[in-house]
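Undergrad: Below you will find the structure I want to go over with you.
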Amino acid sequence: MGFKMGIVGLPNVGKSTLFNALTRTAAAQAANFPFCTIEPNVGEVAVPDARLDKLAEIAGSKQIIPTRMTFVDIAGLVKGASKGEGLGNQFLANIREVDAIAHVLRCFEDGDVTHVEGRVDPVADAETIETELMLADIESIEKRLQGLVRKVRGGDKDAVQQERLLKQALEVLEQGKPARVVPVDEDDVRAWKLLQLLTTKPVLYVCNVSESDAATGNAHSARVAEMAAAEGNAHVVISAQIEEEISQLDLDEAQMFLEEMGLTEAGLDRLIRAGYELLHLETYFTVGPKEARAWTIRTGTRAPQAAGVIHGDFEKGFIRAETIAYDAFVSLGGEQAAKEAGKMRAEGKTYVVQDGDVLHFLFNT
Ligand SMILES: Nc1ncnc2c1ncn2[C@@H]1O[C@H](COP(=O)(O)OP(=O)(O)OP(=O)(O)O)[C@@H](O)[C@H]1O
Ligand SMILES: [Mg+2]
């Protein structure tokens with residue numbers, strides 16, 4: 001499966017710097033000139049989860065394998081991108097493929113770093129980008145509607161559904177609103193997702209502040225917070241530049257550095273967690289002497305489909321899941337003790353896996 005977040009924003013706002021920090025590499029070229037990035041950079045990031053380390057410690061697991069999330073560093077968008085301005089329209093296609101958008105907003109003042117509009121105004125920047133995404137959606141909907149005409153006439157059911165959904169999206173977009181405000185019926189959810197409209201993707205605003213504002217945020221990030229709350233989107237405050245520095249340090253050094261800065265936790269950890277929440281993702285664990293491993297599922301996933309994340313055969317031949325809740329596993333001191341205390345449950349096909357469940361799957365091959 002694997003979930004993907006696209007890092008989106010105006011040119012030169014710190015997207016590649018953030019990407020490098022997240023992936024602990026210098027894979028993406030980050031430099032003080034607009035349109036530095038052209039081809040998207042793709043990297044996998046381990047999802048930090050203290051619970052996994054705790055479980056491994058209790059079970060004496062030799063190896064710890066965190067679950068992962070993919071980040072894609074996309075080229076900067078500018079006003080007119082949907083009409084081919086800047087580096088044009090191809091980047092909009094990169095955004096189509098992601099599950100959610102991390103929208104980086106410049107919230108730092110630094111006369112040496114070029115802002116494409118010559119001023120720092122993250123709320124206006126967010127509008128610029130959102131407008132481009134809306135225009136791109138309108139254009140792609142109009143094209144797709146034309147392409148559907150014949151099929152709809154022929155009575156193709158899927159085409160009729162698509163046409164209806166596209167028209168609903170078009171109506172709100174033409175009022176200047178993102179397609180995510182369209183209320184979608186249960187029966188339409190799948191088809192709606194398949195439309196891959198840019199403005200239906202959940203947004204996490206990343207307020208990129210200067211080093212000195214990393215712990216407290218600033219007036220710019222406060223305005224973004226307000227905007228995000230009004231839209232029902234999420235936001236985090238982080239300094240991409242410091243995060244990149246921290247990502248080069250080893251764990252002890254990084255901890256000291258964070259404390260000196262007055263931070264309790266690396267901004268990246270907060271960002272990844274916020275991404276998790278935004279996508280309604282949860283984690284379950286498999287724990288044994290060989291390895292302790294975390295797996296990602298969507299909230300509400302039933303046991304067989306959760307098993308399918310490990311291997312398709314687990315889902316096909318699913319018999320039952322043995323479950324211990326994280327808290328019981330930890331407070332009782334491991335699997336055996338939890339079992340003896342009656343805290344291991346056998347669950348069937350309809351069981352909805354809970355965040356933090358420690359699971360064993362039994363299956364037919
Ligand atoms: N928090 C920050 N404070 C000060 N400078 C920063 C901060 N974050 C990034 N920068 C600087 O901003 C410049 C642009 O960064 P970066 O290349 O990451 O931007 P980008 O959004 O990827 O740009 P492009 O769209 O051109 O690829 C770099 O010089 C970087 O060091
Ligand atoms: Mg870049």
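Quick reminder: no glycine exception, Cβ is built from N, Cα and C everywhere.
Note that the structure is predicted; figures quoted are calculated from it, not measured.
According to TrEMBL, the protein has these features:
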type    : residues                                 : note
BINDING : ASN12, VAL13, GLY14, LYS15, SER16, THR17 : ATP binding site
DOMAIN  : 3-258                                    : domain 'OBG-type G'
DOMAIN  : 280-363                                  : domain 'TGS'
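Quick one: where do these features end up spatially?
TA: Within 10 Å of the C-beta of SER16 (ATP binding site) there are 26 other C-beta atoms, taking all protein chains into account.
For the domain 'OBG-type G' (3-258), the model's average pLDDT works out to 89.
Sorting each residue of the domain 'TGS' (280-363) by its DSSP state yields 26 helix, 33 strand, 25 coil.
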Undergrad: As a check: which entries in VAL13, LYS15, SER16, THR17, the binding-site residues, place their Cβ less than 6 Å from an atom of ligand 2?
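TA: Close enough to ligand 2 are LYS15, SER16.
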Undergrad: In sequence order, which same-chain residues at least six apart have a C-beta under 8 angstroms from THR17 (ATP binding site)?
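TA: Once residues fewer than 6 apart are set aside, THR17 (ATP binding site) is near ALA30, ASN208, ALA240, GLN241, GLU243, GLU244.
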Undergrad: List, in sequence order, the same-chain residues at least six positions removed whose CB sits under 8 Å from that of VAL13 (ATP binding site)?
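TA: The answer is GLY76, VAL104, LEU105, ARG106, HIS115, ASP125, ASN208.
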Undergrad: Under DSSP, is SER16 (ATP binding site) helix, strand or coil?
TA: helix
Undergrad: What is the number of other Cβ atoms found within 10 Å of the Cβ of ASN12 (ATP binding site)?
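TA: For ASN12 (ATP binding site), the 10 Å Cβ neighbour count is 21.
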Undergrad: Can you count the other CB atoms that lie within 10 A of the CB of GLY14 (ATP binding site)?
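TA: That number is 26.
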